[in-house]
Structures are given as C-alpha cells and as structure tokens.
Amino acid sequence: MSLTISSAATVTGTNVKIPRLGFGVWQIAAANCAAACAHALQSGYRHIDTARLYRNEEQVGTAVRESGLSRADVFVTTKQGVRGDTPELTYQLALESVEKVAGSAPGAYVDLFLVHIPHIRGGADGRKEVWLALERLFREGRARAIGVSNYGVQHIEEMKAYATVWPPHVNQIELHPWCQQRELVAYCEEQGIVVQAYSPLATGTKLGDPTVEQMAGRLSKSLAQVLIRYGLQKGWVVLPKSENPERIRQNTDVFDFELGEDDMRVLDGLDGWY
C-alpha cells in the first residue's frame, strides 16, 4: 500500500481531505500541550485532534498560529460532548470551541467538529441538540466537516430522523489490533463515513506484547510504529499521542516499510484480547 505522510482521506461529498496521520492531545496537560503540538508540526504532522473535554483547545490554536505554517496547511479537529440549557447555549458552547482553537476573527474555523460521545445529558434529545449546533457551524463555514465520536450503528441510524447532514462525515472510535470493532467499521465504510482510530497504541497497555515486539524487531521498527502502520494499512485515520519529542518524531517514521499480508493477518488475530 503506497502511503506517505501527505496521504489523506477524502470526506464524502466535500473537497475536505483529512491527513491520515494525526496527532492526538488527549491527556496532555494544557501547560505541555503547545510544546507537544509544536514538536508534532516540526516533525511533519499536519493534523491535530483536540476536544473541549481535554481543556487544551487554546494551546492547540497557539501552536498552530506560532508554527509558521499556513492555517490552511494544518487540519484541526475538536469535539463537544455536552449540551447547554437551551439549543442556543449549546451552539454557543460549540462556537466557543471554534474560537479557542481558531480565534474570533471573521472566517475563523475548525476543519472538523465532532459530537464527542453519545452519552450526552438528555440522551437522544441531547445528541440531536449538539448535532444541530454542529450543522449550524457547518452552514456558517465555522466547521468544514462534522461528525461523531464513539457512536455505534444505532446512534448513527438514529440521526436519520433529524440530521440534514447524513451520514456524518467521520466516526472516531477506539481502534487497534486488540479492539477492532469490525461490524462498526464495516458499517461506516459502507456508508462512506471516514473512520478515525483513537488510542491506536492501545493507551500503552500492549507495549510489551511479545507477538508485536517480535514483528517489530524483524522489521527494525518500534512496536508503536508497527501499530500505527497497521492502522494506516487498514484505511483508518490514525491518531497517536505522545509528549516525548523523540517518540513524536518516531511516530511519523512509518512510511518506509509495509506490513505484509501475513503480518496483517497476525495482528488481525489479536482482536478481543484487550
């Protein structure tokens, strides 16, 4: 599979392209986030994934603005998993996230805005309210694409009753060899929904796995590099996270090798061991 650091997934029905390798900032404290993002951008990442819940949206925005890169050259995602007391307040919360990331100047935008979780206050009504707020941002050009995160098939199907934008452009879910969510991935692919993989390194819990360690040694790569490459070859947008500058750089060094069919089959066989 021919992949480069510039490889991107195209959002169905739009001209929006999502870099297939992204940098996740979950659990990176605000005090450290701008520096980590700066290292990522210097290492070649052009995609950063944040969220209101992470409390580091502003720091992501600062890193992008101070990088010397054009805003159009960096793809930024954020997410919202709460509703306000009224639909207007829910919209204002979403707009606040856009302004934290991109500033309040006319034309400021995020590239992708996701409903963070399905378990929002109010259940189905809450999911609807947050989605309609994101649709408003999309119409206004404040979000170039909109989608969901952690949604199952039932949640996406439920959206048909109220969504003007359907299917959602993206579903971001936990994906790695030990958690493959095959039915959900197949459904998303059938619907033309871009699949994003968070925690592609299994939150570090499998970094001593002997099967993957043996494979990494044979390929002269790190276990993390093998796991990132696996996600890329599955066709996912992959979002590794690190605060270590050297690991941040190493995690981009995944385009000079390929996992063979046998390697992919072995990794596929780890599903459910998490």
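Cβ atoms are placed via backbone N, Cα and C, with glycine included.
Record features, source TrEMBL:
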{"type": "DOMAIN", "residues": "21-270", "note": "domain 'NADP-dependent oxidoreductase'"}
{"type": "ACT_SITE", "residues": "Tyr54", "note": "active site, proton donor"}
{"type": "SITE", "residues": "Lys79", "note": "site 'Lowers pKa of active site Tyr'"}
{"type": "BINDING", "residues": "His116", "note": "substrate binding site"}
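Across the structure, the residue listed as 'substrate binding site' and Lys79 (site 'Lowers pKa of active site Tyr') place their CA atoms 5 angstrom apart.
If you measure from the Cα atom of Tyr54 (active site, proton donor) to that of Lys79 (site 'Lowers pKa of active site Tyr'), you get 9 Å. When other Cβ atoms within 10 Å of the Cβ of the residue listed as 'active site, proton donor' are tallied across all protein chains shown, the result is 21. When each of the recorded positions Lys79, His116 is scored by how many other Cβ atoms sit within 10 Å of its Cβ, His116 comes out lowest.
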